[in-house]
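Student: According to TrEMBL, the protein carries these features:
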{"type": "BINDING", "residues": "R20, H132, T350", "note": "substrate binding site"}
{"type": "BINDING", "residues": "G107, Y108, S178, H206, T233", "note": "pyridoxal 5'-phosphate binding site"}
{"type": "DOMAIN", "residues": "40-376", "note": "domain 'Aminotransferase class I/classII large'"}
{"type": "MOD_RES", "residues": "K236", "note": "N6-(pyridoxal phosphate)lysine"}
Amino acid sequence: MRAQDIPGALLELQQQHQFRQRHILETPQSSQVVIAGKSYVAFASNDYLGLANHPALIEATQQALSRWGVGGGASHLVAGHFAVHEQAEQALARYCGCEAALLFSSGYAANQAVITSLVGRGDAVFADKLNHASLNDACLLSRASFRRFRHNDLQHLEELLASTPARTRLIAVDAVYSMDGDEAPLKELLQLADKYDAWLYIDDAHGFGILGDGRGSAAENRLQGERLIYMATLGKAAGVAGAFVAASQQLVQWLVNSARSYIFTTAQPPALAAAVLASLQLIAGEPWRRTRLQQYVRSVRERLADVNFQLMPSRTPIQPIIIGRNEQAMLLAARLKERGYWVPAIRPPTVPEGTARLRITLTAAHTQDQLEGLLDCVVAATQS
Ligand code: PMP
């Protein structure tokens, strides 16, 4: 893109209702946020358990800042790996029932690390069509043959596995699909991985903290085995930032020695590792947050099914309403905003063409009144 082409490209995005703008939050992450001086009840974040602004996490981070300072100062391999990082990794591994865990500054970096460290030219990656963009980018970067199977279609996956010659095979899936809220058939995927001697890489960004009593999708499905690699992000239900990979000790050692997005980046600030430790205590110790979420999921589905909305098969806090046209989704989001509710309209290329949607995300920080207010408005906005 040359500089002189940018204005035209931006205009085109506007005309297609695909121009994106950031909202500037003037208050912390919560069920109620202020944007441009106006307060909204927000159904927009991935802070599912309501921990991003929790006093225990703030307190732990403040104490850790006093003890460890702000910056990591170097990459983990050079001089940026602190005792608190080590402690957080051990706690995460224990919690997920894995031998070892490795912390990353983001899920994006973790996905790159695992995929590019295990597959390259001559290998093949098999990816669900609805996988997160960070997984797709990692697959492309790896230079392995990149085969995409129809969403949750095990038969299609098996056809591709059987027909793609490769030295190393890796199946990569989201455990919970971020824009739909539905889940991958993990048990069956692990069986296919066993049958075709492939790795199964699970991105549980939206399941960790929520499913399996908080331990995530792999634990809920009692998945185990040397082919399994589990990744979860820490900026969503955990309310912090970063991600971790949980696997065997040897795989973690291999990542430390080979993953470029681990080696060539500054370590996550150590105070955030302390925040992760505090968050784990709440994830494990306050199951009422998940119980409340389940109750909210039921309320949304019961109420919106009554008025014939197209919902997705989701039992997770991601409860999208499929609208179809970009313009229509934008209009509905704007109507809700006028009434004081912030629900993002998600458009292509984030979701397939013709499936623009309102992506309602529920959190344990919402109240039943806030939720009922939203549902009343959604029904009214789509009928007016
Ligand atoms: N995987 C999935 C499924 C995600 O939804 C996201 C974040 N939206 C990521 C990975 C990337 O994680 P992070 O935001 O920590 O980079």
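Even glycines carry a Cβ here, placed using N, Cα and C.
Unlike curated entries, TrEMBL annotations are predicted automatically.
The structure displayed is predicted, hence computed values, not measured ones.
For each listed feature, how buried is it and what is near it?
Tutor: Long-range Cβ neighbours of R20 (substrate binding site) (same chain, at least 6 residues apart, Cβ-Cβ under 8 Å): L13. DSSP assigns R20 (substrate binding site) to coil, not to a helix or a strand.
In sequence order, H132, A205, H206, I318 constitute the residues six or more apart from S178 (pyridoxal 5'-phosphate binding site) in its chain with CB-CB distances below 8 Å. Classification of S178 (pyridoxal 5'-phosphate binding site) by DSSP places it in coil, neither helical nor stranded.
In the three-state DSSP classification, K236 (N6-(pyridoxal phosphate)lysine) falls within coil. The Cβ of K236 (N6-(pyridoxal phosphate)lysine) has 28 neighbouring Cβ atoms from other residues within 10 Å, across all protein chains displayed.
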Student: Can you list, in sequence order, the residues of the same chain other than G107, Y108, S178, H206, T233 whose CB lies within 8 Å of the CB centroid of the pyridoxal 5'-phosphate site?
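Tutor: Apart from G107, Y108, S178, H206, T233, the close residues are N46, H132, S134, D203, A205, G235, K236, A243.
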Student: Identify, among the binding-site residues T233, T350, the residue whose Cβ has the fewest other Cβ atoms within 10 Å in this structure.
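Tutor: Selected from the binding-site residues T233, T350 on minimum Cβ neighbours within 10 Å: T350.
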Student: Round to a whole number and give the Cα-to-Cα distance in Å for the pair K236 (N6-(pyridoxal phosphate)lysine) and G107 (pyridoxal 5'-phosphate binding site).
Tutor: 10
Student: Between the Cα atoms of T233 (pyridoxal 5'-phosphate binding site) and T350 (substrate binding site), what distance do you get, rounded to the nearest Å?
Tutor: 19
Student: So what's the average pLDDT for the domain 'Aminotransferase class I/classII large' (40-376)?
Tutor: 96
